[in-house]
Each structure stands twice: as structure tokens, then as C-alpha cells.
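Database features (TrEMBL):
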ACT_SITE  A:CYS88  active site, nucleophile
ACT_SITE  A:HIS177  active site, charge relay system
ACT_SITE  A:GLU179  active site, charge relay system
BINDING   A:GLY57, A:GLU58, A:SER59, A:ARG115, A:ILE142, A:ARG143  L-glutamine binding site
Amino acid sequence: MRSAWPSVAGNSAIGILALQGNVPAHARMLARLGRPARPVHRPADLEDIAGLILPGGESTTLSQLLQGNDLDQAIIDFARHRPLLGTCAGLILMSSDTGDARVAPLGLLETQITRNHYGRQRESFIATLEGGSFAGLRAAFIRAPALRARAPLEVLATHRGLPVAVRQGRHVGCAFHPELGQDTRVHEYWLDLA
Amino acid sequence: MSWNLASRLEADDFQLKRGLAEMLRGGVIMDVTDAGQARIAEAAGAVAVMALERIPADIRRDGGVARMSDPALIQSIQQAVSIPVMAKCRIGHFAEAQILQALAVDFIDESEVLTPADEEHHIHKWDFSIPFVCGATDLGEALRRIGEGAALIRTKGEAGSGNIVEAVRHLRRIHTQMRELTQLDPGQLMSRAKTLGAPYELVCYVAEQGELPVPNFSAGGVATPADAALVRQLGAEAVFVGSGIFRSEDPAERAAAIVRAATHFDDPAVLAEVSHGLKGAMPGLELGELPDAQRLAKRGW
């Protein structure tokens, strides 16, 4: 996890929130797309990055560590000018209503979340996405949340009629894990928005 | 049943198991013995809890046969928290594992902390849809467990001792053995597989990638924020804390401090801050005085 953070000048690097969660998988995805990645541990790390990824992990843990490191308000400020991508726990944090007092929302996506919508790990699954921009993508749903989509959210992908990837402005949130597997389309789409 | 290990590691069901293990990276998994402790752990920032009737230090003190926990206890903890709930079964006791799967625990720990049920065979973990974590003291043991279907490896350390020395030994050994493999030429790998007692395909994987095909965490003896930072700097991707939290004098504060230490493991200023003013850690054992028969890390192979 400590290895391979190339030092980068300029503003092309993408930050990955590195408090807890599957940081290496997003770093691998960015490396595959030729984009330098940098870990974000504290507010100062948000300077000089072109966008920020909130990875999958435990949303209760991440929420506390965001607050403990003064990163919650710093990320809200950052998001006024730069794009965010949130996957699974990252999506929950980006929402306007996490549906759970244990997880404080950053309010970057106008959506209401149901944590662990499908159940426990026994109910985790991989499915092929149906409609939208990522049709055919093999998506891993791991103790995944559900979200309610309404304007101004644009639905980018659905599974069994439920929205599972959404966009609001330049922010994208996924209930599944596009960082797992080989399909780079979600990251490419988001990087193009940036 | 496929004999091709590589294709099994890439199959959907294993991707889901390994995926959950990967989501725990950077976090702290805490042993809890009731719903109240589970809520304290979750509020302190634990990424998961391990539900068990007695913490390892008490199992060690009480002696006798240690078994899977009462399902009623596990369910009360599942109802108390929203984070993943793990539970332990005895080494080789696949019937206990079947019960834990029926209870829908999120991870099964086939654990040397409980009394082994089979001294020759570990559980054939490919048979289960729930992911397994297993302990290891060296690379061969880690790869044997992955060969049986484990989705997550942790050091054994010496559970319930409050002494980090064994976890450090196991972590260093596993990482040294992985680095050695990357230096060998392909013609040497079968011979090395033989001496490690490990599946050849997994030896080839580590030689090529320089890491295990599943995450590698640390367990056994973590009692302080500094212990968590130490094992993280030695390459553990996350930390299990057993007796170290609820055997201390200040569980909630210590739990939160260890969570922050696991995140900021390479920032001594943060480590100094979180270590400041904690009350007494668990007493701990000097392992030089512990006879082999009482060493939990020697259980399993």
C-alpha cells in the first residue's frame, strides 16, 4: 500500500482518499489509464490534484476518520471546483442522506441511501449492468447500498430497475465497485468529466 | 471441481470474497464478546468486529476446549452493528463453519485461538460462499490456506498475549520469503514450492507479483497504537485486535486511538498524539516463559 506513489508535478494527478478502504485497486485502475495517483490523508493533500476518489471501505469508519482529520469540510470545499468519484462507501459519504446517524453525509449528490440494501456478505453478487453508459460491465456489489435517484441526478447505470451509478454535475457515484475487475469504463467516463 | 487454481482465484465467487477483504484494508477488526462492546467498537471506527464468547486472553486463562460461539451471541452482535461481523470456528471443524454460514456471518475465521478439531486437515474452504480468513506463520502456510480457498491471510502472532513479538516474526518471515521468491528464476520455483510445502501455481504467482493473491493482515498481540503502526509499517494491510482493547482499562479511547494509528501508521506526530494519556494497556505475557504446549500459533500447519 505504501509503494508506488510516483511524485508528480502539475495538476494532472488524481487524489485517492487514503484513510481506510481499497485504495490500491483505484490506484491500479488509474495506472492502467496512465493517470498519476496520490494518497489524500489530510486537507493539504487536496491542493494540486485534479479530482478525488472516495474508495470502497466501511462508511462508518471513513466518516469518523474524515471528521477526525478535518477532511469533511475540506472535501466539500474541494468539490465546488473539482470532480469526485465515490464507490460503494464513497457513494454513501457523497450522498445528501446516508439514512444512518452513524455516517455523516457530505451532501455532494442529492440522493438518499439505504446501507447494506441487499443484506450481508452472503447476499453480495456480481451482475452484468443492463442499460446506460456502462451496459455489459461486470459489476461487483459487496454489501452494497441502494440509492434513490431524482433530479438533478442523472442515472448512468441500472441493475434490476434500481439506479446503481449516478452523476450530478462532475460528481459520479457507484453502488458497485468499478475498481475491481478489468473494465475501466467508469473511471474513463469520470476522468473525461474532469 | 476444477484443479486449475488460477481460474478459481479469478472466478466470480472468489472475487466477491477477496473484494470484501480488500474493503477492510487500512482498518481495525476488533474482538467483542457482547452487543455493547460491538457498539463501542463500531463507534470507535472498527471496520468489522469478531464475535466471540471469550477473548483470547480469557480462553488462555480458562483452559479447556474452546469452541464456536453460541449463535444467539453472534446474532445479538449482528443486530447491534452495521459493520461486517466475523466469527471463529475451530481448525478443520467444517460443521461449525456451516453453522456460521447459515447465520450469515460476513467472514469466518478458521482460528487457532479455538481448540483444533482436526490436526491433519484444515477446512476445504472452496465449499463455502462466505469468505474465510486463516492465520499463517510463514509463506508456505499462507499459500496452503489460500490453496484451500482462504480469501484473507493474517499472521497468527500469539493471541491473547498482549505481546507483539510473534506477529512481527511472522510478518517479517512472510515478507522476506516473498522477496526471495521474486529473485528466483522460473526453473527454481518447483523446488521452492517443495521446500515451502506450497501449491506450485501460488508460488509462481508470488514470484511474479511480489505479493499474496489475497490481502495480508496482522493479528496476535496488538495492544497499543504503536503496535498497530509497527505491523502496518512491516506490511500488514490491516490489523486485528483481540484482547488488546477490551482487556485494557480504557476500551473506547484505546479503540479509537488504534483506529487512527492504523490509518496514520507512518506519521509519528499523529501516533504520539493518539498514544498520549491512554490508561493501562492489557498486562501481557513474556513469551519466553510460555511453554510450547500453550502456544496457540503452533496449532494448525
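Placement of Cβ uses the backbone N, Cα and C atoms for every residue, glycine included.
Between the alpha carbons (Cα) of A:ARG115 (L-glutamine binding site) and the residue listed as 'active site, nucleophile' lies a span of roughly 9 Å. The binding-site residues listed here (A:GLU58, A:SER59, A:ARG143) include no residue with a Cα within 10 A of the Cα of A:HIS177 (active site, charge relay system). Under 8 Å, Cβ to Cβ, and six or more positions away along its own chain, A:ILE142 (L-glutamine binding site) finds A:GLY56, A:CYS88, A:GLN121, A:SER124, A:HIS177. Summarising the L-glutamine site geometry, the residues cited as binding it (A:GLY57, A:GLU58, A:SER59, A:ARG115, A:ILE142, A:ARG143) extend over a maximum Cα to Cα distance of 13 Å. In sequence order, the recorded positions near chain B, meaning those of A:GLU58, A:HIS177, A:GLU179 whose CB lies under 8 Å from a CB of that chain, are A:GLU58, A:HIS177.
Rounded to a whole number, the C-alpha distance linking A:GLY57 (L-glutamine binding site) with A:GLU179 (active site, charge relay system) is 12 angstrom. Taking the C-alpha positions, the distance from A:SER59 (L-glutamine binding site) to A:GLU179 (active site, charge relay system) comes to 17 Å. In this structure, of the recorded positions A:ARG115, A:ARG143, A:HIS177, the smallest number of CB atoms within 10 A of the CB marks A:ARG115. Using a 10 Å radius centred on the Cβ of A:GLY57 (L-glutamine binding site) and all shown protein chains, the other Cβ atoms total 27. In the structure as shown, the Cβ atom of A:GLU58 (L-glutamine binding site) sits within 10 Å of 28 other Cβ atoms. The number of other CB atoms found within 10 A of the CB of A:SER59 (L-glutamine binding site), across every protein chain shown, is 29. Taking a C-beta cut-off of under 8 angstroms and a sequence separation of 6 or more, A:GLU179 (active site, charge relay system) has the following same-chain neighbours: A:ASN22, A:ALA25, A:HIS26, A:ARG28, A:MET29, A:PRO55, A:GLY56, A:THR87, A:HIS187.
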